[in-house]
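Notes to accompany the following structure.
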Amino acid sequence: MEKCGFNSMLSNEELEHKCELSKSMDSLGLIGNTGAGGGPTLIFDVRDILSLIYDDTFKLKDRNGDSYSVYFDIDNKIFEIDDDSDSLSGLDIENQNQIFFDIYNDSDSLSELDSENKNFEIHNESDFMSKLESSFFSYLTYSCLKRRSSFSSYPTSLTSSNLNSGSKSYNPYYDPYMHDTRYSWNNDININSCIDSYIRCEIDSISSGSDNCSDSYIYSYICSEGVSYSDNGSSSIRTRTSTSSGSSYHIRGRSNNFEKNKKLKKLWVQCENCYALNYNKLFRSKMNVCEQCGYHLKMSSSDRIELSIDPGTWHPMDEDMVSTDPIEFHSEEEPYRDRIDSYQRQAGLTDAVQTGIGQLEGIPIAIGVMDFQFMGGSMGSVVGEKITRLIEYAIDRSLPVVIVCASGGARMQEGGLSLMQMAKISSASYNYQSNKKLFYVSILTSPTTGGVTASFGMLGDIIIAEPNAYVAFAGKRVIEETLNKKIPDGLQVAEYSFHKGLFDSIVPRNPLKGVPSELFQLHGFFSSTFHPLKSNKVKR
């Protein structure tokens with residue numbers, strides 16, 4: 001029986017682990033016999049071994065500098081080698097301090113060898129996966145302990161009984177995530193995330209010239225508790241990295257959710273457009289704009305107020321106004337009142353809009369900012385009442401009004417009452433604009449849809465939209481199902497609507513504060529000392 005081994009070139013005196021991959025290789029054309037058992041041995045770099053987990057093709061180089069491609073498909077159980085040269089037959093190996101991944105042919109786990117294309121299929125992957133799991137787990141465990149040794153000493157003996165017991169008492173550096181990796185090997189999400197994170201850690205250590213990545217957020221992400229994943233959504237990241245020796249390799253990671261880990265979310269924000277990572281601590285100072293592609297991500301109402309209003313001039317109105325389930329809406333999943341309470345705790349708001357008085361570059365204004373994080377910014381009776389009171393207050397004080405829209409439309413849990421808010425706000429706006437001749441600026445952010453678009457969102461004297469904002473009355477899916485027609489992509493983005501005359505201007509966030517200020521000055525509003533009236537707080 002001939003053997004084909006995966007040589008990781010890992011020179012570790014303390015770690016020796018063997019797991020053999022055996023297959024009759026009589027017809028494997030270009031690959032010569034270099035191993036001790038007469039079978040060919042393929043040389044892999046450590047990082048390339050980690051990449052075996054991904055269903056992707058990656059480039060490898062042997063010690064002679066010759067390169068070839070390897071494809072490993074877990075789902076279809078295919079391992080394929082595509083050499084760029086005829087140099088695979090001359091590979092030589094060192095027999096000590098190396099890790100092998102071998103799987104015996106006892107259970108016919110490997111069959112249907114294709115000599116022409118140099119690939120074989122795995123029919124029974126149970127042995128293959130279990131032994132690959134064991135080797136990979138041992139490598140990661142050893143690496144974590146080795147990197148921590150630069151800070152403090154640790155017991156060098158790490159027996160299988162210690163690992164299987166799951167006890168933390170025997171070793172203060174016990175890594176529960178690494179332990180759990182063995183038992184969640186069939187979970188593709190955990191596998192991809194763990195490997196992707198570890199590779200990123202290795203990249204950081206290479207680029208910094210250091211041999212430890214304990215300071216890296218990725219390292220703490222791998223070797224820590226409390227890791228959770230979700231199956232919603234997907235994304236892909238491809239990175240090309242060059243090492244100090246000049247060799248390069250490709251890493252392709254998969255993220256199955258923008259919020260797949262709480263720790264990662266606290267440190268990084270992933271762009272919805274290009275999937276680039278933005279450092280969270282600097283993200284607010286960048287106004288939630290992606291540094292890589294310039295995409296405008298969603299902002300909370302509090303961040304909007306901080307961006308738009310001069311510091312120390314914000315005076316909120318009607319903060320205690322809350323909904324009391326006016327139509328007693330009942331849902332099989334979750335009662336409406338419970339949902340309201342849940343969103344109030346999550347967003348820190350009483351409802352989907354904040355209204356108040358402030359100054360914009362010294363000019364007193366009345367401003368309302370909707371928050372999409374609160375039930376999708378849906379417009380219920382509280383939202384309608386707060387905006388109506390804001391406009392009426394602006395009429396009494398002759399203030400310009402700015403409303404920042406971010407809404408999914410009317411709130412279905414309040415039925416006809418939510419629809420009546422459209423008429424109520426529009427009536428107040430008519431009195432403000434037509435009778436009092438005051439100035440109203442509407443700012444549309446992504447998304448602005450439904451009843452908000454059909455009412456006060458489009459009633460501004462000046463209508464400003466953010467770049468790439470999703471502005472529509474009905475969503476794309478609703479239109480397609482209603483009309484039974486395919487809607488072209490990009491039909492409901494701000495740029496398309498702007499060319500059709502729906503908006504007056506598209507303004508990025510950086511100069512957004514200055515544009516309304518110039519408009520107010522043009523219409524006769526100037527800086528002045530302003531003392532806001534004490535607002536009436538109504539609880540319903």
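Each position is counted from 1, following the chain as shown.
Cβ coordinates are placed from backbone N, Cα and C, and glycine is handled just like the others.
Taking Swiss-Prot as the reference, the stretch among 271-293, 363-385, 455-477 described by the feature zinc finger is residues 271-293. Of the chain residues outside the Zn(2+) site list CYS271, CYS274, CYS290, CYS293, GLU272, ASN273, TYR275, ALA276, ASN278, GLU291, GLN292, GLY294, TYR295 have their Cβ within 8 Å of the site's Cβ mean position. Sequence-distant neighbours of CYS290 (Zn(2+) binding site) (same chain, 6+ residues apart, CB-CB distance under 8 A): CYS271, ASN273, CYS274, ALA276, ASN278, HIS296, LEU297. Here the Cβ of CYS293 (Zn(2+) binding site) has 13 other Cβ atoms within 10 Å, regardless of which shown protein chain they belong to.
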